[in-house]
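These notes concern the structure reproduced below.
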């Protein structure tokens, strides 16, 4: 009897052990599937993924994280009230108010409905209450009196400079300052038809290919062969999209009463959401390439910072606080020194290098397409999503301006001369350039956390 009992216990032990190992193997396979392309050289570049990960995670990201918390990079002047130029506004939840047709009227607080004549439909777009999403998506626009006075001093300083770059909406009455630290980029509940239409429009109308994969660009079937410039454009947009999705997965809201969270809501990485967006099993095989495109976009914006380093090292970074400004300049020089020393920089000279006439037309097409992408950001229905979308597209636009400004910027440029006659960046361009690269830097850094979680789930 003891023998049989012992045999049964042994079988049960072996079975449990096998199941544990099997679950771990499944998890490892999920990690392997998602990150299978994150090794070796990046497409159309000589730099390796491993090189970027090591330098970014150990040197660049920690420094950028500290710099971007400083006042100069904290307050973003932006117009979130511009109407969508392509279709009627169908936004779901916006600044301090939920004014989307598909939200139920009874869900909207009376105070928010005052002065509005919006009619709300009886249906919600997706699961989740409007009130919940309003709280997640609404912007915190509270600013101290000291900050407001500082902005006036900054504006006076900027107006004294010889600025020639046309920054979006600088003269618009809708421009306002937003504190990025109070409005982090993370999950907002913005979902359904509206965000799908945003990305569908970006890919279908602006990515140089007639048959895109909905949400992320060209499908493998029937896709034409693209030249380097068009491949570059697509990878830039895909990398930006990937970075945004990583932020939403990394800072995801787990409501109270969820399994393992008790009654306290928490912002934490969501493994299932990450797999949904990047596992080849749930993305028709496209997920790993999306992650690799993130590194391409990172490399392009890093190159822009390296090229503009001589200019940026001469920038005042004026906030009115002399001690703060000097400290910030030292921090900027420190991170730029690391960026300049980065091996295997992206080579922008290979783009638009063919027949001069054809290259000029292609460059103008490239610029027009990107301008359309930036305009589509005004159609985003969630104000927080719009805020970060506009910031990151403007930052990418600034990077492209730097890369394709010829010899007026770079080690042999004249930017060190008085008045910086041949090349200029406005405060807004510098602001968005660093913050946009900071978003990419955090995304690359966050991948290490997801690798760990996928390989060793709770």
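Just so you know, the numbers here start at 1 and follow the chain as drawn.
Each Cβ is built from the backbone N, Cα and C atoms, and glycine gets one as well.
Annotated in TrEMBL:
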type     : residues                     : note
SIGNAL   : 1-19                         : signal peptide
DISULFID : 93-98                        : disulfide bond
BINDING  : 186, 188, 199, 238, 241, 277 : FAD binding site
DISULFID : 382-385                      : disulfide bond
ACT_SITE : 382                          : active site, nucleophile
ACT_SITE : 385                          : active site
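Using a 10 Å Cα-Cα cut-off around residue 385 (disulfide bond), the binding-site residues 186, 188, 241 reduce to 186, 188. The Cα atom of residue 382 (disulfide bond) lies nearest to that of 188, taking the binding-site residues 186, 188, 238, 241 as the candidates. Other Cβ atoms within 10 Å of the Cβ of residue 186 (FAD binding site) number 16 in total over all chains. If you draw a 10 Å sphere around the CB of residue 277 (FAD binding site), it holds 23 other CB atoms from the protein chains shown. Here the binding-site residues are 188, 238, and the one ringed by the most other CB atoms within 10 angstroms is 238. Of all Cβ atoms in the shown protein chains, 21 besides its own fall within 10 Å of the Cβ of residue 241 (FAD binding site). Within the group of disulfide-bonded residues (382, 385), the Cβ with the highest number of other Cβ atoms inside 10 Å belongs to 382. Of all Cα pairs drawn from 186, 188, 199, 238, 241, 277, which the record names as binding FAD, the longest spans 21 Å.
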